[in-house]
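> Got a structure here, written out as structure tokens. Questions coming.
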Amino acid sequence: HVETFLAYFLPNDIGISALDCTEAFRLLSPREKLYAHYLSRSAWYGGLAVLLQTSPESASIFVLLQRLFRKQPAAQLESMATAAGLSPEEYQAFLVYAAGLYANMGNYKSFGDTKFIPNLPKEKLKALVWQSQAFQDSPSEMEALWDSCSTLLFSLEDQQKQLGLGDKGVTTYFSGNCCLEDAELAQKFLDSKNLSAYNTRLFKNKSEEGKASYEVRLASAVQKGEMDGEGESRCGRYDFEDCVFMVSRGDYAYLMKKVSENLEKAKNHAANENQKRMLEEYAQSFTFGSIEAHKEGSRFWIKDKGPIVESYIGFIESYRDPFGSRGEFEGFVAVVNKAMSERFAKLVSSAEVLLPELPWPKDFEKDRFLLPDFTSLDVLTFAGSGIPAGINIPNYDDIRQSEGFKNVSLGNVLAVAYATQKDKLTFLDEEDKDMYIKWKGPSFEVQVGLHELLGHGSGKLFVQDEKGNFNFEQDNVRNPETGEQITTWYKGNETWDSKFSTISCSYEECRAECVGLYLCLNKHVLSIFGHEDEDAKEVVYINWLNMVRAGLLGLEFFTPESKSWRQAHMQARFVILRVLLEAGEGLVNLKESTGKDGRPDALITLDRSKVHTVGKAAIERFLCKLQVIKSTADVEGGRALYEGYSAVSDTGSHNFLRLRETVLLRKEARKMFVQANTRVKGHVELVEYEGSAAGLIRSFTERFADDAEEVEAHLLELNKRDAPCCGRSLKSV
């Protein structure tokens with residue numbers, strides 16, 4: 001069976017690349033460098049919360065690795081590994097595992113949410129720990145640390161193979177005794193109190209007087225007591241639907257304190273008033289656990305147009321909450337890439353001409369398009385579980401509808417992430433491979449721009465506010481699918497995420513991807529990016545070919561046992577593949593075959609002569625459906641449509657379950673990135689590392705060099721506090 005242990009190891013030859021931002025950083029003024037430095041420190045401290053958001057054992061494994069490598073860098077530890085009986089391959093496997101844990105901020109892949117374990121015997125890793133300098137210096141502490149996490153470090157019980165809620169997987173957004181019904185009840189409670197779930201976790205406690213009892217814990221530096229800023233965080237005890245809810249503060253308290261302290265330091269080097277106010281509000285948010293303050297900070301952030309040093313920080317993306325409403329911590333700091341930004345600026349200024357091209361009636365588009373910032377940035381720091389290629393934020397629907405948003409394309413990530421070697425290109429015709437390598441970069445730049453700006457930036461939500469006012473003409477707006485009046489909409493505090501919960505992330509990514517496919521057919525769009533005539537045709541062809549190939553590759557991220565998808569974007573691309581296969585007329589062909597190595601293979605082809613006709617018509621119909629359902633809060637229709645196309649089975653025109661086995665057999669591991677550090681020595685220095693497992697490890701041991709022991713002690717303390725809630729006991733460390 002393909003899905004043996006191999007799926008849970010990171011390969012020794014995994015791609016690891018340094019993110020280059022030397023030139024971008026060199027061009028900053030001394031003040032901008034200090035601003036970037038303190039924002040980076042904030043992001044790195046906050047990013048450690050992801051360990052606690054991922055799995056019960058992630059924080060302990062992180063501390064174990066930090067202690068090993070702080071005492072002995074990878075090259076020095078190698079002689080201990082040899083003495084402990086590890087082969088060079090086994091030691092490399094350990095370094096790759098450590099690099100993977102740092103890059104994903106936990107022992108589950110940030111893209112796909114499956115567990116990974118070290119590719120060497122447990123006894124050998126234990127022998128290496130016992131040989132290490134860290135163990136010689138503190139044997140009882142290191143032994144206790146090993147005992148606290150070594151079982152979960154290696155275990156692959158079915159429930160532990162992936163993230164999920166209840167018996168579907170592991171999550172630390174909820175205590176181990178929570179199931180989907182608890183998540184739904186908590187969402188109703190949060191909605192009733194007008195509280196956002198973004199910065200919360202849910203813990204189910206022993207029942208009180210026969211009533212189920214829950215704790216909603218807000219991320220904040222402050223742990224107890226009536227404080228300034230108490231108002232909207234609603235701390236206290238509530239009776240709700242025959243249950244008891246306690247809203248409390250202090251999740252990740254030490255880390256939130258470090259985040260806020262460094263934001264205050266960054267404020268002293270801010271370029272303008274908007275940046276200062278933004279940082280004040282963020283610090284307030286992380287101090288008191290207030291999403292309202294974070295929203296206010298985001299408003300100032302939107303107003304800070306075109307800064308040289310761009311950043312965002314907080315509990316942002318909800319992809320990894322199995323329920324889809326709690327945000328994972330992330331923080332990034334990046335510097336403007338001027339040449340690429342100019343192309344995106346042209347796209348922004350064309351937005352008002354391009355939006356009417358989208359296939360839904362005018363009533364379904366925002367009343368006015370709020371021109372966002374769209375910049376290409378080179379990442380200096382991206383703390384969290386992984387680095388995307390593009391971002392469209394904030395995620396607060398009310399701000400996006402009425403005040404705007406920003407789009408960011410991460411240029412130095414794109415440059416590294418999508419460089420592909422021909423021999424690693426799967427499922428394509430030989431002729432297509434050369435074209436793919438030549439045009440993948442340029443076509444992806446176009447797709448990212450359209451996806452982030454006109455994908456996530458388009459479309460209106462029909463809302464009836466708490467006072468009963470509508471933001472659309474109820475009597476006149478018709479559903480273009482049926483010709484009838486609109487009968488459903490969002491009410492009061494309902495949002496896209498809270499209403500569509502488990503499908504919201506992937507559905508929205510699918511809508512944005514479809515907008516990219518649809519609008520890249522527009523000659524004006526292609527000329528903005530410098531593509532004319534024959535070149536423009538190649539960009540379109542490779543963009544569409546890449547999408548259908550990505551849909552096939554997406555099968556890796558489907559779990560047949562639970563019939564669930566583990567990655568929002570890849571599910572979205574599979575849905576698009578299904579839509580384009582269904583369009584027929586030979587537009588897309590997907591055939592199973594046998595490779596030169598005698599093992600199962602597949603070939604996917606696209607008829608370029610039919611992209612503008614059959615392809616465009618299919619995406620047009622599907623995109624209109626997606627938008628109408630989203631605008632009208634039609635959850636039932638949305639689920640039926642999206643879950644229908646997301647289904648993976650062995651019946652029908654293609655055996656997708658068997659194709660999934662082939663995809664797993666031939667998959668290439670996702671690249672990892674090594675990021676630089678900054679340090680203040682009179683002036684701010686940029687410290688860079690080599691693009692290798694050892695370089696990635698060293699970047700992390702030096703990242704917390706000044707207060708490593710304090711940080712590690714607090715991480716273990718926070719982890720111990722969670723232990724009773726997460727369905728297992730952590731021995732005292």
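The backbone N, Cα and C atoms fix where each Cβ goes, and this holds for glycine too.
Pulled these from TrEMBL:
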- His451, His456, Glu509: Zn(2+) binding site (BINDING)
- Glu452: active site (ACT_SITE)
> Please determine which of the binding-site residues listed here (His451, His456) has the lowest count of neighbouring CB atoms within 10 Å.
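If we count Cβ atoms within 10 Å for the binding-site residues His451, His456, the smallest count is at His456.
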> Applying a 10 Å Cβ distance cut-off over all chains shown, what neighbour count does the residue listed as 'active site' have?
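I get 28 for this one.
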> For Zn(2+), what surrounds His451, His456, Glu509 with a Cβ no more than 8 Å from their Cβ centroid?
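For the Zn(2+) site, the extra neighbours are Asn392, Glu452, Gly455, Glu508, Arg511, Ala512, Glu513, Val515, Gly516.
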> Return the residues near Glu509 (Zn(2+) binding site) by Cβ distance under 8 Å, restricted to its own chain and a separation of at least 6 in sequence.
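Same-chain residues close to Glu509 (Zn(2+) binding site) (Cβ under 8 Å, separated by 6 or more) are Ala568, His569, Gln571, Ala572.
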